[in-house]
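Trainee: So TrEMBL lists the following for this protein:
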TRANSMEM  20-42  transmembrane segment
TRANSMEM  294-315  transmembrane segment
DOMAIN    317-369  domain 'HAMP'
DOMAIN    374-638  domain 'Methyl-accepting transducer'
REGION    381-406  region 'Disordered'
COMPBIAS  394-406  compositional bias 'Low complexity'
COILED    417-465  coiled coil
């Protein structure tokens, strides 16, 4: 197994890297969008809260000033009501009566002052004006004239104190019908100090104006008692004046120095025509927003960092690590290593892939192991098949060689059988001549003929047995064995013919002796006996020649007898039948006690010899045909053996190819690592 190739993926080319590259910007954008939305909402909230706070503080401050003014106004309204309802008297009595008022408020001119028709100027301090002083020309008098309640006037510069005051005055009609105006001066110094201390939202400023846009109180020096519209050097004051001139109220946004924006809150002092204006720079308001912005950026950065760290941790734990393991397993599998242990914990997509890969690897491992086992079996079978084919080829070649030898042997047998048939034919002709001569014996040889007929029947039975054996021989071995049996039968017959010839010769000798004893009466019989003896000698010579030929045939087929041993039983049966015939001829010998009986038996035997000769000729012809059939069969078997040899050679080559293919498959399977 070759070493695994280490395939390292660049960080930004990995799934985790691509995922982080895709997700981190989206998370960052999302965080910044959320931060922007939060910042925008926070800004709106803070600005709204700041504006509401500015309004609330302005209202509270205006109410604070309003309470002071209301207190002062109420106090002097009570004095005015008292003078209207009670006849106190002239200036002296009024001063005497209300002398105590000069010590009531430190932020006001001591007591009050005023003027009634026909009376002197009233002043709780005892101050007396010059002769050219005309109270009715004073602003406070003009303001209070015709008013049935205390009314605040316009701030003015007090020449005595050098500070700005504002008068509150009202017309009073005494019970006696005198009309006049009483007034009191409020030092704006205290109001101004109070107003200058107001710091709306911590950094804001407050300015107090009347309905004529005259500045009553301000933290700016030199502005009290002046018109707001004349301070062109101060865009904020000009802008405030414009808003008031336009009748605006509540929260407004103006533009000041350098284009800076200001939030202003406009609130009317209760029960007065004064207006308190609180203003603050937008930058001061949103300074908290700026801090919040920086804090938000820090928080977003920290959260983004934490989110990225959490994302990286999660990606490594749930994606990078499982994917890396899965990738490593896949790389191992691609390198033919099927021993990898794929874990499939969890129920996510990667776990499903791991489970599927585990199942795939398990199935492939089993399939490859089975393929390897089957390949081993195939190699073994192909090797055995090759060996069997080689053995078959060798046996087929040996069989072909044996068939050629058998064919050569059968050629010899066929020649021998043909010669045997020719000799048997000659013997039959000679026996036929002997039979013709023996017919002259007639009745004397009848008994001999009957005995010979019995021997013929026995020989026919033997012939039937031989035909049954020939019919049962379906293959070469049976045919060869049939030839062997037939040859043995012929040998037996020849031996029998030799025996009969010897017996006939003895009978002929006995007949000659009996004829000699008979004298002239037996002379003809002696001639016949002499001829019979001659024929018997010729038959013996012919049978010896046939026996010699058969011996040669037996020598040729002796090599085949070992292969035909299974048919020996049938041959023994046929031999038994021949023995029965031989016994019959022996019985013929025993029964020939007399010459006539002997002659009859001899004639019968001659007839039997004729039949046997014919049978031998027929058997020889059959053996010749059988030999030709055997030769044809041997030729077919030889060709079949050659074809089998060729086929077995091809099978051996195919088995070799199969073995080579199995070896190739095994080599391929061995490239896979299947066991740890």
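A Cβ is built for glycine as well, from the same backbone N, Cα and C atoms used for every other residue.
Help me see these features in their spatial surroundings.
Mentor: Same-chain residues lying 6 or more positions outside the transmembrane segment (20-42) and placing a CB less than 8 Å from one of its CB atoms are 12, 289, 292-293, 296-297, 299-300, 303-304, 307-308, 311-312, 315.
Long-range Cβ contacts of the transmembrane segment (294-315) within its own chain (Cβ-Cβ under 8 Å, at least 6 residues beyond either end) map to 16, 19-20, 23-24, 27-28, 31-32, 34-35, 38-39, 42.
Mean pLDDT across the domain 'HAMP' (317-369) comes to 76 in this model.
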Trainee: Could you give me the DSSP helix, strand and coil counts for the domain 'HAMP' (317-369)?
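Mentor: Output for the domain 'HAMP' (317-369) reads 39 helix, 1 strand, 13 coil.
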Trainee: Per DSSP, what is the helix/strand/coil residue tally across the region 'Disordered' (381-406)?
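Mentor: Once the DSSP states are binned, the region 'Disordered' (381-406) shows 26 helix, 0 strand, 0 coil.
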